[in-house]
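Below is one structure; the comments refer to it alone.
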Amino acid sequence: MRPATKIYGLIGRAVDYSYSPLIHNTAFEQLSLPCRYTIFNITEEHLVADALKGARALGLAGFSVTIPYKKTVVPLLDSLSEEAKSIQAVNTIVNHEGTLVGHNTDIAGFASPLLPHARSIQGRPVAILGSGGASLAAIEAFRTLFMPSEITLFMRNPAKETRMTDPAIKRCALGDLRESGSESSALLRDAAVVINATPVGTLGRPDAHMSPVPAESNLLHQGQIIYDMVYNPLDTPLLLAARKAGAVTIPGMEMLLAQGAAAFRLWTNLEMPMDAVRSALLNEIGASAI
């Protein structure tokens, strides 16, 4: 008798572009697991509670959660992991026989490709571009694993930003990077690591050809690590400019794979077959760029 198929899925809004089904279904197939991963587009925030209630009733095995619902699901779950509590955001849900537990694998996923550089980051300043949910995971990872001397957050309008109120984090305006003599420019130039946590440079967006760091600014240089969370295309305008300047570059695909592997482990207690998944993802991203 065949075991029933376990259903996993991605909760989000207008997320048909996601590579998560490819990642997880490739892993399930490689390990011959009776599991399937699909997409659940939820059009309105108030419907998320109904979706989770239905998941309990139907016995859906687990979920990934993406924008704009990473914080929406928090009060709707039965418990949270320590990582999810620390930033009050969930990107992975495990259904334990009707008990929904929220986790956050973005923190570990973000940290994974930076770990080989940990010693060179400790005690030095870092910069994060963007103030959305992705930046929260980066901040928590830096604080708990890398101990930089200072974290500077570059945002569109620091005066109106209400989410990032921690006095230990320096806040600057992204627009000031266009002024060569500004404090913002100096802070970015001095940063050991620069993280792009904005969607600028993503394939298909109006700003796909742009970098969040102005190309003419000469702020990127040898000795820096430039990490772009954007995973499609592999070589974003920011990474191309950073490589030209002699910096070490980390593409967003590394975070995508690492956080996906952590979620897979939570759901199955197994390690994701990374070589097969990476190959499938590279083929898909390469095809989408043609």
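Positions of Cβ are set from backbone N, Cα and C atoms, glycine also.
What Swiss-Prot records for this protein:
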| type | residues | note |
| --- | --- | --- |
| ACT_SITE | K70 | active site, proton acceptor |
| BINDING | S18, Y19, S20, T66, N91, D106, Y231 | shikimate binding site |
| BINDING | E82, G130, S131, G132, G133, A134, M229, G252 | NADP(+) binding site |
Cβ within 8 Å of the mean position of the Cβ atoms of S18, Y19, S20, T66, N91, D106, Y231: remaining residues of the chain near shikimate: L10, S64, L256, Q259, G260
Whole-number Å value of the largest CA-CA distance among S18, Y19, S20, T66, N91, D106, Y231, listed as shikimate-binding: 17
Alpha-carbon distance [A134 (NADP(+) binding site); D106 (shikimate binding site)] in Å: 8
Maximum Cα-Cα separation (Å), residues E82, G130, S131, G132, G133, A134, M229, G252 listed as binding NADP(+): 24
Cα distance (Å, whole number) from N91 (shikimate binding site) to G133 (NADP(+) binding site): 10
Residue among the binding-site residues G130, G132, G133, G252 whose Cβ has the most other Cβ atoms within 10 Å: G252
Fewest-neighbour residue among binding-site residues, criterion Cβ within 10 Å, set S18, S20, T66, S131: S18
Surrounding CB atoms that lie within 10 Å of the CB of M229 (NADP(+) binding site), all protein chains: 29
N91 (shikimate binding site) and G130 (NADP(+) binding site), distance between Cα atoms, whole Å: 18
Alpha-carbon spacing, E82 (NADP(+) binding site) to N91 (shikimate binding site), which is rounded to whole Å: 13
CB contacts for A134 (NADP(+) binding site) [other CB atoms within 10 A, all chains]: 24
Neighbourhood of Y19 (shikimate binding site) by C-beta distance under 8 A, where only residues 6 or more apart in the same chain count: Y231, N232, L256, L281, E284, I285
Cα proximity to A134 (NADP(+) binding site), best match among binding-site residues S18, S20, T66: T66
